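Trainee: One structure coming up, written as structure tokens, with questions to follow.
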Amino acid sequence: MSSIASSLLVLGMGVGSLLASLIMSIIDDLTKRGGAESWVSSNVNKGHYDYYYLVLAGFSLVNLLCYTVCSKAYGPCIREEEEVVEEEKSWIGTKTYSYYVLLGSKSRHLIKGRRIPTIPTYRTATHVDTSFFSILVFHLVSEMENSVSEKGKIIEQPLLMVENDSGEGTQKGGFRTLPFILGNMFLVITATSALTPNMILYLMNEYHMDIITGSNIINTWSAVTNIAPVVVAFIADSFVGRFQTIGLGSVVTLAGMFLFWLTTLIPQARPPPCVISDNICRSAGMFQLFYLCFALAIVAIGAGVIKSLSLAFGSDQLKREVRQENVRALERFFSWYYALYALSIVVALTCLVYIQVNMGWALGFGAPVLLVLFATLLIYLGTPFYVKLKPKSSLITGLFQVIAASYRNRCLRLSSQSADILYHQKKGSTIVLPSEKLRFLNKACIVRDPQLDLNPDGEATDPWRLCTVDQVEELKALLKVVPIWLTGVVVAINISQPSFPVLQANTMDRHIGSSFEVPAASFGIFGFISTVLWIVLYDCLILPVASKLTGKPVHFSPKERMGFGLFLSLLSVLAVAVVEGVRRNIAIKEGHSDDPNGVIPMSAVWLLPQNCLLGFAEAMNAIGQNEFYISEFPRSMSSIASTLLALGMGLGSLLASFIMSTIDNLTKRGGAESWVSSNVNKGHYDYYYLVLAGFNLVNMLCYIVCSKAYGPCKGEEEEIVEEK
């Protein structure tokens, strides 16, 4: 019942909101009888909110007395009395406010006598993702100062012993380093994420770009942001080191953000304003475009550094003794990481976007510069406390070594009898022979002459000619998932359409009430909220209900979730096509054919279905991909598994740019209006999204074929046998 326990607090908040509304309505009706001014009047000077809050104070007093009675009637919590006795006997001299873990198969975390559901340590990163909300509730009431082993022994702040330059041991790492690392990540992601939503409006209004050019710049920028982490991780692990790379990445991001901010301050950095009377708009010059793209490229590279290394660098601070004695340490860090990452997106899409829309570009793009400045200072403030691991050979290097060795040994013949061949094995590895799939790669691990190919310690004399069986199997595992990985790229294409949704929302009624208007760029937050909502519902509602109905534990495999995500992605682009067709017809009837900025009498609420469907699709497919890669790859390839999704997003951004440019060139032939025109009322974005729907349909069929060809995932064969 841990999922129910974690949702009770949220449920209570919801009931509280309803009761608050009911109480205010009742007090309003009671106090305004006879023509008197209501206590909760809109005119706060005429009302009596002091009386209103005194009534709430009375409710709170009665509630406190009720809690006291209920608490006494409930009695002691499970094993509370026994644990108090054990604490007095064995924990003398320790800090009593620290938490500890009870023994037994049904363990419960006790924090100052409160029972909080145990959150298991999952093997895959996906399960950490899907349960980080319940973990976050747990962390908010537990201290970051101390940690605890599974045996119930308190561990003071876990520090690692590291030798300094003089050879003396010093204590480094531990939880005290995480505020610096997580704070740096949060500020950088918040700042860089705030640039994307309104970027198309900035490029079209200030640089006088058409939607094709602006979208291509944004998609290319997004691709670099997603692909850069793969390259950066390789450089950091193999040559530079993580701390040095993160520090440099923060400085680079700051420089890029500052250069981009200057485009709002220096008139010469962008084209002159349009002359509306003469309908003259000069496009950006070569130097202005180069300066803009250079600044965005610097931001992309720097942000890629932070995205790729923050998680790994933070885990460096909690490894070795901590990982052995406290399996919760890394899980707590991962949970805080994902929670803060999610919070950074919310802040960017709401607060910073609001500043851009209502206070101007200079202030809107200047605020992120300050955030990155604080992030850079923060990461360097923790320098004395960090564990700084030395760079070592990267796994990616090993994969290239297999390709090179198999090519250089291409003349070798493979025997059908494995006993006739000597393979190079890694010390301590359980893999003795290579698999029969992709047999040509097996040539990379064949030992031709032990005297020449191997050193006295058993290592290969030339790792680019002779590899281990483990390296060969790692490359095979990667190649095997490539077809399924490619099907996820089409979902990335759907997500990489940042320009049109903003222009579409900009022409619709976005008012909430009479005064507040939702910024057009903020509608993307509904897709993000849908992603988070699906994660919570899947764990807390769908699986428990399905298990209860079937009478046995229900679990949807990663491939099933990926396939359902592809289906939802197809529905999302169909929804965009339908809504856009209706919006365009209304705009034309209202006489806005030549006015792409004219607001039509159609509520922007109609945009919610497409955003929600895309959010659900991303949650299903992206999380399914992560779990699929991590569960199918060897443990040594976990770093590659975690970067495949980002790599797919980068490729999707490039393909989205290519598709839009191709459709633009094809549909504007003969002087016709392009389907993806900058004037959304003259274009045919409904047709464009129908084309994307066709790609999604073909992609879904390809996924079904690839999924069948792949066969069962690890662990599924055993489950099938058990069911039989």
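Count begins at 1; order follows the chain as displayed.
Any Cβ shown, glycine's included, is placed from N, Cα and C.
Pulled the feature table from TrEMBL, pasting it below:
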TRANSMEM  7-27  transmembrane segment
TRANSMEM  51-70  transmembrane segment
TRANSMEM  181-204  transmembrane segment
TRANSMEM  216-236  transmembrane segment
TRANSMEM  248-269  transmembrane segment
TRANSMEM  289-313  transmembrane segment
TRANSMEM  334-355  transmembrane segment
TRANSMEM  361-382  transmembrane segment
TRANSMEM  520-541  transmembrane segment
TRANSMEM  562-579  transmembrane segment
TRANSMEM  640-660  transmembrane segment
TRANSMEM  687-706  transmembrane segment
Trainee: Name the range, of those listed as 181-204, 289-313, 361-382, 520-541, that has the largest tally of Cβ pairs under 8 Å with the transmembrane segment (216-236).
Mentor: 289-313
Trainee: Which bits of the chain, at least 6 residues beyond where the transmembrane segment (181-204) starts or stops, bring a Cβ under 8 A of a Cβ in it?
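Mentor: Cβ under 8 Å, 6 or more out: 210-211, 213-215, 217-218, 222, 225, 246, 250, 253, 257, 260, 299, 302-303, 306-307, 310, 313-314, 317, 336-337, 340-341, 343-345, 347-349, 352-353, 356-357, 361, 364-365, 367-369, 371-372, 374-376, 378-379, 382, 498-499, 502-503, 506, 519-522, 524, 678.
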Trainee: In terms of Cβ proximity under 8 Å, which residues at least six beyond the ends of the transmembrane segment (361-382) contact it?
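Mentor: Distal contacts: 177, 179-181, 183-188, 190-192, 194-195, 198, 202, 206, 246-247, 250-251, 253-254, 257-258, 260-261, 264-265, 352-353, 355.
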Trainee: Where else in the chain does the transmembrane segment (289-313) make close Cβ contacts, counting only residues six or more beyond its ends and a cut-off under 8 Å?
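Mentor: Contacts of the transmembrane segment (289-313) (Cβ under 8 Å, skipping residues fewer than 6 from its ends): 181-182, 184-185, 188-189, 192, 195, 207, 217, 221, 224-233, 236, 242-243, 245-246, 248-257, 259-260, 262-263, 269-270, 334, 337, 386, 639, 643, 646.
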Trainee: Can you say which of 51-70, 248-269, 520-541, 562-579, 640-660 has the most Cβ pairs under 8 Å with the transmembrane segment (687-706)?
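Mentor: Out of the listed stretches, 562-579 contacts the transmembrane segment (687-706) most.
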Trainee: Determine which residues of the chain contact the transmembrane segment (562-579) at the Cβ level, with the cut-off under 8 Å and only residues 6 or more beyond its ends counted.
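Mentor: Same-chain contacts beyond the ends: 484, 487-488, 490-491, 494, 501, 556, 606-607, 609-610, 613-614, 616-622, 624-625, 628, 685-687, 689-690, 692-693, 696-697, 699-700, 703-704, 707.
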